[in-house]
Every structure is written in structure tokens, then in C-alpha cells.
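To start, the structure under review is shown below, and the notes come after it.
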């Protein structure tokens, strides 16, 4: 794939890059009494001890660094107290893409470019910045930063280390810029304690949910008057905050939550949702919420995300909402399983719950992901449906988890996105249910031979047996593929040795014949694999158990298969065209060879 105008222009001349760096570690996620702009233990950007080179370097190197910093300061005509923090190789997007360097000073962001004698200088004070967010070059490559300052938008692309540059810019903006926050992060702020009451302000995510407006931008603006406390296991636990404050009616505490079920039945679930997990627990619905979803259960939620490979987990407290019941926000970094681009994608998840008649608890989630292909095309919606189970002597509950991938734009990859999302959700929720049962066994709230995990209407033992059978089939297939690869390798070695012994014209003919042969082999392999597609039947039924939900699932499956067949047909058509072109070229070479012989 060709890179989209991000390569540096040949002949560009830039000033030498600076080498002065500071430790720009982010503020620790701790609910404390210190302001967020100056947390305890965080480095000072203008502290000489953090902006100087390593102590192992001599005085000559230090003076050289200072002289370079002074040279850049004079280039941009900055105040005398400005110190160069770091510089990055990037490009500024205006009418054309200008390759150059970004120089980060304590109070300024500067950019310099010199292409064929055409100089460009840009100076952006941190005090004028109103918005900073990560962006994508051409909407695909996550290597750009967008800055809004003084009513003007600046777009910097082609960063080799975009996250490091964004972190430095973000820290400098929070320390020396305006009070507006960036990047959609749930920031740690000072809890305002007044008369023993912890006051919490709603975030803009809650306002967006109230108005039913999807938050598509990566930037979340919070006013300086808002304070959004965060429950984090890296900092002070939530209990330590509530020990010094009396419980407020506006705060959903872990142990003092007052259940107020609505005197209505839960709304019916849309047919767009697909069941991905089902389980039974031998505890009441209220106890289930307290152990796994309350403010006191954040440690369990964080341990689940860590086991899934997530990092930077943050979670707010439950807050009452007039229209949505109770809401909270969760954010984390999730690993991306692709070979290019970012290794982690930012996930912003809003959660809300309501208790209906007969202890029917419904928890709804809406998750948006950034830094992944087609991230702005879809949103992952989830529903945790928890019902009371009084059939046994001990009151329990039954959990059903449903997922829907809601698309806002059309794409030919919709089927693949939905399939991969559902598969990952099945694995994640199955792991969550296993962890929940282990926690109940540790607390002696469930027997060792108690509730069995059910996934997609299938017992765990049967699912494990089916997985083992699939593994054995996969091993046999891998052995067969290994034999084919070995034979192809030997054939290629023999072919190359034969070509080396031939003349120039014969080499061309032999290579063309080899290409045509490889194309035919590829077509045969693709057609052979197409018949054995990776299809999972998530529901087992007989001819008497077909219901509306099963028919809906079959219709969706047929739609996805139809899309996949269209893509395969397009690919085969292109391969036939390539094959015809190669065949025509081969005949042309044969005619040339005959003419040369005559």
C-alpha cells in the first residue's frame, strides 16, 4: 500500500534536531487534594533538573545542548526564559504537506520547514490552545495530531512517535494552557468536599446520552468547574474517600445503595441484538450488582480488564440520572490484533442501569473505539439482562448478555467487523463469567459443583468437546499445509536452478509460465478453502424449536454470507482478469520467440 503524501520531500533542509528532553510522565491517577495541574511527584516542565541531559554526560555536551536550545529560541524569537523540551520530525498540512520539525518549548509549540528555500514558521502559544486531540492521516493512519488555537486549526501529520508528542503537548497544555481538557479522557480531579458531602458533576458523556447524540469526536471538553472523581486501583481506593464523607443521596455507594425498582416491566430487546453469553448464579440480583457492578466492585472490573490485556483502566462512580436511571463512564486501552498501526485502541464506554419489576436488572453499555480501522463507522452496544430465579430452594439469578454492532456508515467490511466483534465478545464474556464464579467460590457463596456456564445455549462441557475436535482438525490441516509448502519450496528451488542455466529469452518465458502456474495454484487453493469457511453455529435446534429469534439470526447470517460471497466473487473476477492478461503476455512472448528463431 502506498503511503499517502507523508514521505519527506527530497531536497528539504531543516535545522539540526535538538536533543534536550524532559521526563513527561503523566500525572498519577490518584484521588487526592492536590490540583490536577500540579500533582505530587510529577516533574516540572521548566525544572532544570528535568530538562538537562543525563548526568553521565560532560559539561561540554550540556553546554552544546544549551547552545542549540538558544539557537532554536532565537530562530522563533521567543522570550529569553524559554527552554527547548523536545523536537519531532513531522509535517504540517495546509494547502500542501510541508515536511519539517516540531519544536516543543515550555510555553510554545513551534514548527519550522525549509523546502527548496521556501521557509515556513509557525508559533502556537499554549495559552491560546483550546483543543488538542489525536487524529488520522487520510482517515486511516493514526500518526497525526490536531490542535485548535486562536480559532485556527493546525494539523500535524507523519509523526514517528505520535503518542510521545501528544503526551508532551497535552501535559504542557494542562500546565500552561487554558482550563479545557482534551482527548476524551476521564481526568482525575480534586473531589470537592463541603460539609461532609462529596459533590460530583456530570461529564459531557452523560449529557450526550441524555440527548441521544452519539459522541463521535475523540475530544471531550470538560469545564474547569466540573470535578469528576475517578475510582482507580493505582491510587486511593473508593472506600478511603467515603470514610471521610457521609453518603449523599446523589452518590451510589457500594454498600448503602437504595434500590428503587420501577413499577413497570423491562422493555423488549431489539431483534438487532445477538446473545453472546448466558449463565446462572446462586445469589440474588441485588447481591450480584453489589459484587460485580457497584462502586465497591471496581477492583473486580479492573482485574477482568487486566486479564484481557487492557491497560489504563479508569472508572467513575455511579450517578443518578433523570432519564437513564444511573450512569457511569469507563475508559481503557485495549490491544489491537492487527499487524500495522497502533498497538492499543482507546475505548470509551458509557454504562447505565435500571431496576424493573420483580428484581429485573438491565444494564446497558455503549462502547466507542479509536485508533482502529473504520472506528468511526460503528458502535458496540451491549445489554446485561439479569432476572430473578426462584425455581430452586435458594434464590438466584439468570444472566443473559446481548451485543449489537450499530453502524452509522455503510462499508463492505460490515460482515467481517460484526463477526470478529461477536467472537471477541463471546470470549471476553465467557472469561468474565468464569472469574465471577471463582469470586463467588472464594466468598463461599457458591458450591464447587454449582452453576454451569452456558454459552450460546450450549453447556460448557459440550463446547469444550467441540473445541477439542476443532483443534484436532486444525492440526491435521496444518500438517497437510506443511507438506504442500515443502513441495512448493522444492519446486521453486528446482525452477530457479533451471532458469539460471537458460538464456535471457528463455528465462523470461519460464518466469511467465511460472507466474501463470502460481496464479492457477492460488485460485485452486482459494476455492478449496472457500468451501470450508470458518462458520460457527451458535444455536442448536431441531425442526420443532424454530422461533422468531432463530429465524432472525438465520436471516442475519445469510446476509453476512451473501456479502462474503460477493467479495469472493469480485476477487475471483480480478484474478481471472490477471490470469487472462498473463496468458496474453505469454502468447506474445511465444510469438516473439518464433520470430527470433526464423
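The first residue you see is number 1, and the count goes up from there.
Glycine is treated like the rest: Cβ placed from N, Cα and C.
The transit peptide annotation in Swiss-Prot covers 1-68. Annotation source Swiss-Prot lists region 'Disordered' at 1-64. If you look up Swiss-Prot, you'll see 61, 329, 494 marked as N-linked glycosylation site, on the strength of sequence analysis. As annotated by Swiss-Prot, domain 'GRAM' applies to 70-134. Taken from Swiss-Prot, the feature domain 'VASt' covers 272-444. Among the features that Swiss-Prot reports, coiled coil is placed at 553-595, with the record citing sequence analysis.
In the shown protein chains, 24 other C-beta atoms lie within 10 A of the C-beta of residue 329 (N-linked glycosylation site).
Across the domain 'GRAM' (70-134), DSSP helix (H, G, I), strand (E, B) and coil residues number 10 helix, 41 strand, 14 coil. In this model, the domain 'GRAM' (70-134) carries an average pLDDT of 89.
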